[in-house]
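Record features, source Swiss-Prot:
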BINDING   111, 115, 307  Fe cation binding site
BINDING   134, 135, 136, 137, 138, 167, 180, 184, 279  substrate binding site
């Protein structure tokens, strides 16, 4: 069994966790949402400073919660890509320092691989191959998971990620940041069929549409025009109905592409990861469609949908058990394809 302490600081969560054999021993998350709410979104420099202020306490809390000594830790890991460079550097530097101080193996982990591994925290016996639907504020992708470190992108958004679309529509409706949870809550009492909105198909040069790629910029623009028209007419904004219609449109678009992709590639399991995996509309639509097509769909526990270090530790432990180690000179990258994961290891 492999026990790994991991650090996640790719954006606005300072997270530290210890995982043993895909079982979470401790998980600490210091959210920066209150800090960034006044700006309506994440400010990179503010995020980096907040990470610096909380990282040491988070590490100490994770060790205390796990009730483990450093002699029981087999490896130290940190998210190294993709993400905000300054934020990533805080976590990576802390992990390297701990690895050197305690003479432990060091591993850098791809943030999106972590979201794939979040499913293993509740489904430890899951075996590849399977389809991963990654839906977050920065990424929306369909990934063919072949084995640890081997991934193939089958579809993605051509512009705004799903989570980014939620935040932008929430800002348009003056709902605050982050937008996803607020829209989800309002949608519960709204009419999802009140407004017809575009699902964002991507045209192919030879005609027809890409079966797995999508676009959310047109949907965002459609909501903007809807709001402008209602305001011109002097009508009160039916926020609940707009939220429900928008959320249902996103859920349908993601569900159609995920189901089609799984069936076309003969994959019987769809594992969903990322912050939007917590969305109730997506969960309901995808579960119903999967059941109708004799497919299995897996969602992480809600606490592991958003950024956390447990998923990073889980991925790192799998790499460590295979003898994959990162050089202590490893740097951070703001962008890195999942297909390049193995470049992080020697």
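Positions of Cβ are set from backbone N, Cα and C atoms, glycine also.
Swiss-Prot feature annotations superimposed on the structure.
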residue : record                 : DSSP class
111     : Fe cation binding site : helix
134     : substrate binding site : strand
180     : substrate binding site : helix
279     : substrate binding site : coil
307     : Fe cation binding site : coil
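Summary: among the binding-site residues (138, 180), the fewest other C-beta atoms within 10 A of the C-beta are counted at 138. Cα spacing between residue 134 (substrate binding site) and residue 307 (Fe cation binding site): 12 Å, rounded to the nearest whole number. Spatially, by CA atoms, the binding-site residues 111, 115, 307 include one closest to residue 180 (substrate binding site), and that is 307. Within the same chain, residues at least six positions away from residue 136 (substrate binding site) with a Cβ under 8 Å of its Cβ are 115, 161, 162, 163, 273, 274, 275, 276.
With the fewest other Cβ atoms inside 10 Å of its Cβ, the least crowded of the binding-site residues 111, 115 in this structure is 111. Cβ atoms within 8 Å of the centroid of the Cβ atoms of 111, 115, 307 (the Fe cation site) belong to the same-chain residues 8, 10, 79, 112, 114, 118, 136, 273, 274, 308, 311, 312, site residues excluded. Taking only the Cα positions, the spacing between residue 138 (substrate binding site) and residue 111 (Fe cation binding site) is 11 angstrom. In the shown protein chains, 27 other C-beta atoms lie within 10 A of the C-beta of residue 134 (substrate binding site). The separation of residue 279 (substrate binding site) from residue 307 (Fe cation binding site), Cα to Cα, is 15 Å. For the pair residue 279 (substrate binding site) and residue 111 (Fe cation binding site), the C-alpha distance works out to 20 angstrom.
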